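Beneath this line is the structure, given in C-alpha cells, with notes to follow.
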Amino acid sequence: MDNTRKITVIQATAVLISTIIGVGILALPRFAVQTAETGAPLVTLLGILVASAGLWLITVLGVRFPSKTIVQYSEEIIGKWLARFGSLLIIGFFAILTSLAAREFGEVVVTTVLRNTPLEVTVIVMLLLAAVSSRHGLETFVYIHYFYLPLILAPALMIVVLSLKNAELLNLLPVMGNEHKELLGGVLTIAALFQGSFIISIVIPHMRRPGQAYKASFMGMSVAGVLYFLIVVATVAVFGPEEIKRLLWPTLELAKTTSLPANILERLDAAFLAVWVTAVFTTLYSSYFLTIHCMSKLFRLRDHKLFSFFVMPFVFFYCDGAAKHSGTLPNHSDCRTDRSDCDHWLSVSAVGGFHHTKKKGYT
Amino acid sequence: MRFLRKRSNDGKKSPALPDQLSPDKVLEQYKDRTISTNLEENIKLINSLLEANPDLVTRRFHVFGKYPAVMFYFSNMVDQTMINFDILKPFIYMPPHLEGRKIGDGQLKNILINETIIHSGARLQSNIVRVIDAILEADSVVLIEGVDEAFLFSTRNVESRAVGQPQTEQVIRGPREGFVESLSTNTALMRYRLKTPSFQIRNMVIGKYTKSNISICYIKGIANPDLVKEVENRLSKIKIDGVLDTGYLEQFIEDNHISPFPQVLYTERPDKAVAQLLEGRVAILMDGSPFALIVPTVFTQFYQVTEDYYERPVMGSFIRLSRLLALIFALIVPSLYVAVISFNPELLPTEFAVAVAGGRASVPYPTVVEVFMMETAMEVLREATVRLPKQVGGALSIVGVLIIGQAAVAAGFASPITVVVIALTTIGSFATPAYNAALALRLLRFFLIIMAGIFGLYGVMIGLILISNHLLSLRSFGIPYMSPIAPGNLQGVKDTLIRAPLWWMKKRPESSQPVNEDRVSGQTVQATKEPPDNPLGPKRSN
C-alpha cells in the first residue's frame, strides 16, 4: 500500500469542517445582519453557495491532478513563472489570513476574558501553538483536526439548542429582509469566512482515494454551512437585527444569554470561549500549515519543518502592524480584498486547467 | 603505574592478563578454544577463569571407576538432589547392561550420553566459552579425561518467589496469578493459557555482563510479522553492560524518549499479557523481572483493565467510564479550579462563589500559589507513602491527612475547597490503573496549573491543546498513539469509552495491524441474536 496515501474521506471532511469553523463564527451574524437585516439567514445561505462554488473548483482541480498540490499543478496549467507568482500570492494570502485570525481572536480574548493582558501576548501564544504543532507531518495534521471535531461542533450546537428558550420567531421575519443595499458585499463577506476550505488542495494528494474528495468537500461544506446557518438563525431569533448591529461578537453574546439547566454554571460565555480556542486553533493551524506547506512545495523542499518557525515572526508582525493600523476593531474587509485577488487567480488557473486537460484528452 | 605496565606489555608482546581486561573481553580471547582431551589442562583453565568464586564447586570423581572426571557447578544455584541422583550416580555406577562390555577409546562419550545418563537436559559442548557460559547459567558441567567434549546439564534451581497476587494490578474478579521474577515460570504461566503451536517465543540475550535472557512472545498468524521483526531489531541494537528490569528495555525501544507519556505498556498479569497477544501485540519478558512489556501500545490501553472484560459489558463500561473520568479529574481539575477562581468567578453559581470567597478570606496567597503548594505537599506525601515500610506508612498517612486536610485549613494556609480539589485530583490519579501513565498526568497537571495561573481558562485550553497535539503526534512502533480514536477505526472504538459486548467486537483492533482479524465466530454472533430456548419454562399441560 502506498504509505503517503492514508487520509480517508471522513478525515478529509473533518479537516474541512474544523478549518472552516473558526473565529469568524463569532462575528458572523453581524456581517449577515448588516447587509440584509432579517434576511440574514438568506444571505448566509447565498454565501455558503458562493463558497461551495469555490470549493468545488478547487476539488475538481485537485481530483484532476490527484498527486499534486496546487503549487505543483498550477505550474502545469498556466506556466511556470505565472504559477510561481500565483503561489506566492496564495502563500502571502494565507499568512495574512493566519495573522488576521490570530489577531481577531486575540481581541476577543483580551476584550472579554483577559482584560489586563496585552493583545500581543495572547496572539503570540496562539501563533506559537500553531507553529509548534505545524512541525508535525500531514498525517498528524489530519489526526489533530479529526480529534478536535466534536469539541468544535458540540459547543456551537449546544449554544443553539440552549438559546431556543429565548428565541422569538418574529425576529426572523420577513425572511427576505427589508433592504438589500449591499447584498452582494454581504454574500461575499460570508463566503470569505469559508476560505479555509482551500485546505482541501493539500489534503487531496494524500487521500487514499482522491476521487472521493468530492464527497469530502460536499459533506464538509454541508456540516459547516448548516452550523453557520443555525448560528445565524439562532442569533437573529434571539436578539433581532437591530440589536445585533450594535454587538461586536453576537455569537458570544448569544452564549452569554444561555445557561445550563440546574444552574451548574452561572454563565457560559467564558466556558464557551475556552472551548472555542480549539476551533480557532484548528483554523489557524490549517492556514499556517497551508502557508508553510505551499512554501516548501514552491521551493521544492521535501520537508516543511524548516519554515514552521521562520514564518512566525512575519505573521506576528503583520498582525501587530495591522492592529495598530486599523485600531482595535478587527475588520474582515481586508481579507475580502485579498480574497478577491486570490479568487481571480484561482479562476484563471481553473479555466486554464479545463482547457489544458481537454486539449490532452483527459476525462 | 599504568605507563610502566603498558611498556612492559609492549616489550614482551604477551597477551594481557585477565584482570587488566574489561570483563567481557576475558572470555573473548578463548573464543575458538575447544575442550582439550587433557583433563588437568581443562581444570586449570576453568579454575583460572572462575578463580575468585568460593561458590564454584569442583568435584573430582571416576567414571565407572576408571576414567578420571571432574564436575563444575555453582553451589546454591543448582538442584543438589538432581546432581546427586541424576548426574553423579549414573556416571559413577556402571549400569548392569554395560557390565562386561568393552568400551573402546572413542566410544565412552556416546555410551554415556545415549545409554547411561538419565538426565533429560544433558547435552554436549566442545567450545570452552560456551562451557563457561553454561556454568554461569547454573548448569553443571562434567569433563572426562580423554573426551573432547563437555557434558552440560540444566540443573538451575534459583530460589524464586511463589506465584502470587499481582501487587500493582489487583482485580476483584479475574485470575489471581501474577508474573514472578523467573522467566521460565512466566513463560509457563502464559503457555498454559495459550495451548497453540502458534504461540511462539524468540529468545535473546542482552547485557554484556548480566547476559539477561529476553523472550519475545507473540502468536504467529495474529501478530504482524513486520512488528515482530521490528521488535527484534530494536532489541538487538541494545548494547549495554547490564539490564536489570524490563524498564531498561522500554527506554531503548520506545519511539519518543522525552515524551512524558509511556509508549510501552507493562503488565504483571499473565492473563492481560495473553489478551494482548491475542490482539496481535508482542510481549517482551525478561529473566529477573516480573513485568512484561507490551508493544505497540496506544493510549486507551492505559485505562483498560482486564476486569472490564470479565465483568458484563454494561458494568464493564460503567467502571471504565468512571476510571476515565478519574483520569480527566487527575489532569485538569486543579487547573480548572485555579482558572475559574482567579479569572472567571462569574462562571460559578452566585451562592457557591460567595462560599468560595468566604473560604478563601483568610488565605493570603493567590489561588495558583495555594494550589501549587498543596499539590507539591501532596506529591511529597504520596512519594513518602509509597517508599515507607507498611508499619510506618499508616502513621504517616494519618499525619499527612491531618496536616493536609485539617491543619492547613485551620492555619489559614489553604481554603477548604482547595483541599477538596486536591483530594479529588489525588484520588483521580490513584484510579488510573497504569502507574506510568498516572505519573505523566501528575507531571502535566503542574504545567496546566501554571498555564491556568497565567492565562486563565484560555491558558488551560492552550495547555490541553498542546498536550493533545503531542499525544496525536506520538507513535508506538508506527501505530498512532491515539488510535482507534484518531485515526478513527470502527472496530477499535467499541473498546475505548465503553467496553462493547464481546460479540460486537468481532474483529481484532486494527491499531496493532494483526494479520488475522476474526475474533468471534460468525455463528456465535448469530446465536446471541436468537431468542434463547427455555426448556424450564412454565409447564405445558399434556
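Heads up, the Cβ atoms here are built off N, Cα and C, so glycines get one too.
Long-range contacts of the compositional bias 'Polar residues' (B:511-527) within its own chain (CB-CB distance under 8 A, at least 6 residues past either end) are made by residues 221-225, 227, 278-281, 296, 298, 479-480, 483-484, 489, 492, 502-503, 505. Taken from TrEMBL, the feature compositional bias 'Polar residues' covers B:511-527.
Taken from TrEMBL, the feature region 'Disordered' covers B:1-20 (among others).
TrEMBL lists B:508-542 (among others) with the feature region 'Disordered'.
What TrEMBL records for B:324-343 (among others) is transmembrane segment. Cβ atoms under 8 Å from those of the transmembrane segment (B:324-343) belong to residues 303, 356, 360, 366-368, 371, 375, 417-418, 421-422, 424-432, 437-438, 441-442, 444-445, 448-449, 451-453, 456-457, 459-460, 463-464, 497 of the same chain, restricted to positions at least 6 beyond its ends.
Residues annotated as transmembrane segment in TrEMBL: B:393-413 (among others).
Annotation source TrEMBL lists transmembrane segment at B:419-439 (among others). Here the transmembrane segment (B:419-439) has Cβ contacts under 8 Å with residues 168-169, 260-262, 265-266, 299, 301-305, 322-323, 325-330, 333-334, 337, 371, 374-375, 378, 382, 404-405, 408-409, 445 of the same chain, all six or more residues outside its ends.
Beyond its flanks by at least six residues, the transmembrane segment (B:446-467) meets 331-332, 334-336, 338-340, 342-344, 366-369, 371-372, 375 of its own chain at Cβ-Cβ distances under 8 Å. The transmembrane segment annotation in TrEMBL covers B:446-467 (among others).
The DSSP breakdown of the compositional bias 'Polar residues' (B:511-527) into helical (H, G, I), extended (E, B) and coil residues amounts to 8 helix, 1 strand, 8 coil.
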